[in-house]
Amino acid sequence: MSGHSMQAKPLGPPYPPQTAAVGGIPTIGVDVPITSVFMAIYLCSAATNMVIFQRNRRHGHKFLISAILFGFSMARVVTCIMRIVWAVYAHNVKIALAAQIFNNAGVLIVYLVNLLFAQRILRATHPKLGWNKLLAHAFHALYALLGGALVMVITATVVMSYTLNHDTIQSCLDCQRAAVTFLFILTTLPLLILVAAFLLPHSKATLEPFGAGSIKAKSLVLATTAILATILSGFKLGTTWESPRPRSDPAWYDSKAAFYCFGFVLEVLILAVYVAGRVDQRFHVPDGSAKRRSYLGMEQLAEQGKESKGFVETP
């Protein structure tokens, strides 16, 4: 045989990554037991959120976010299953690619939910600002960009697995860095909105209460989940912007401990705060609020209109 034919050629596509990844390649002895525990936790979260959703629905209390959290929990169950399968078939590149895609996709739901909660608090404390049409369009644009960032991350991940061209790989890495930077900024927005809601001058007379509990209690729940989400997103941001390390010399943040602690653990804590904080009660808004552009009921709006015109009922 010639020397050319004797040279080892990489199998694929898809090609196995040449650089270290967060969590590394899962193993049966370590990752399967740990991932199985998290899968059970996510299953419990899915069941809990579905029970909450169905009970509220039967009482005419529509809170679709509980169903969304059910979907997120089930998506994470699939993520855990894919990681377990990857551990069993450690050298199957297609399974590894699918596991990475599922791992990147799910958490965006948490970012979306926190942003929705922040918008509701802003609308309650500053109705004129919160219900402004331009600001509403800005939030809609953020939701669309959130989906766009997800597409960028997944597309870049797939393309990088199907090429050995260094320029293409670098372009994909740049796309991933742009996407995770945007997502990090997005995760900090709920905290910034909370600060604005409390610092900007407002009157109790214009307050539009919604759900159960006080605005401060709602803000505490949101601040907790937003801080946890910011830590999670910040870890992804930092690891993506770091220079890629060879698989033979991974960094500390590529360890399995970092993968689980800055991933699944933070997500489970966020889900626990949602359930324990009873977001289904605290952040529920009346049906038709978006059309009325107010969290007040029709009778409350009528009373407010009379007061603004100087009408006073006589006994």
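Cβ coordinates are placed from backbone N, Cα and C, and glycine is handled just like the others.
Per TrEMBL, the feature transmembrane segment maps to 20-43 (among others). Here the transmembrane segment (20-43) has long-range neighbours at 73-74, 76-77, 80-81, 83-84, 86-88, 90, 96, 100, 239, 244-247, 249-251, 253-256, 258-260, 263-264, 268, meaning same-chain residues at least 6 beyond its ends whose C-beta is under 8 angstroms from one of its own.
Among the features that TrEMBL reports, transmembrane segment is placed at 63-89 (among others).
What TrEMBL lists as transmembrane segment is 95-117 (among others).
Feature annotation from TrEMBL assigns transmembrane segment to 138-159 (among others). Beyond the transmembrane segment (138-159), the same-chain residues lying 6 or more positions past its ends with a Cβ under 8 Å from any Cβ of the stretch are 14, 97, 100-101, 104-105, 108, 111-112, 115, 119, 168, 172-173, 175-176, 178-180, 182-183, 186, 189.
According to TrEMBL, the feature transmembrane segment maps to 179-200 (among others).
Sequence-remote contacts of a segment are chain residues at least 6 beyond its ends whose Cβ falls under 8 Å from one of its Cβ atoms, and for the transmembrane segment (220-237) they are 107, 110-111, 113-114, 117-118, 121, 180-181, 183-184, 186-188, 190-191, 194, 253, 258, 262-263, 266-267, 269-270, 273-274, 277, 279, 282. According to TrEMBL, the transmembrane segment annotation covers 220-237 (among others).
Counting same-chain residues at least six beyond the ends of the transmembrane segment (257-276), those with a Cβ under 8 angstroms from any Cβ of the stretch are 22-24, 34, 38, 41-42, 45, 48-49, 52, 69, 72-73, 76, 103, 106-107, 110, 113, 221, 224-225, 228-229, 231-232, 235. Summarising the annotation, TrEMBL assigns transmembrane segment to 257-276 (among others).
With a cut-off of 8 Å between Cβ atoms, the residues of this chain six or more beyond the transmembrane segment (95-117) that come close are 14, 16, 21, 25, 65, 68-69, 71-72, 75-76, 78-79, 82-83, 85-86, 89, 139, 142-143, 146, 149-150, 153-154, 157-158, 161, 183, 186-187, 189-190, 218, 221-222, 225-226, 229, 232-233, 263, 267, 270, 274, 279, 283.
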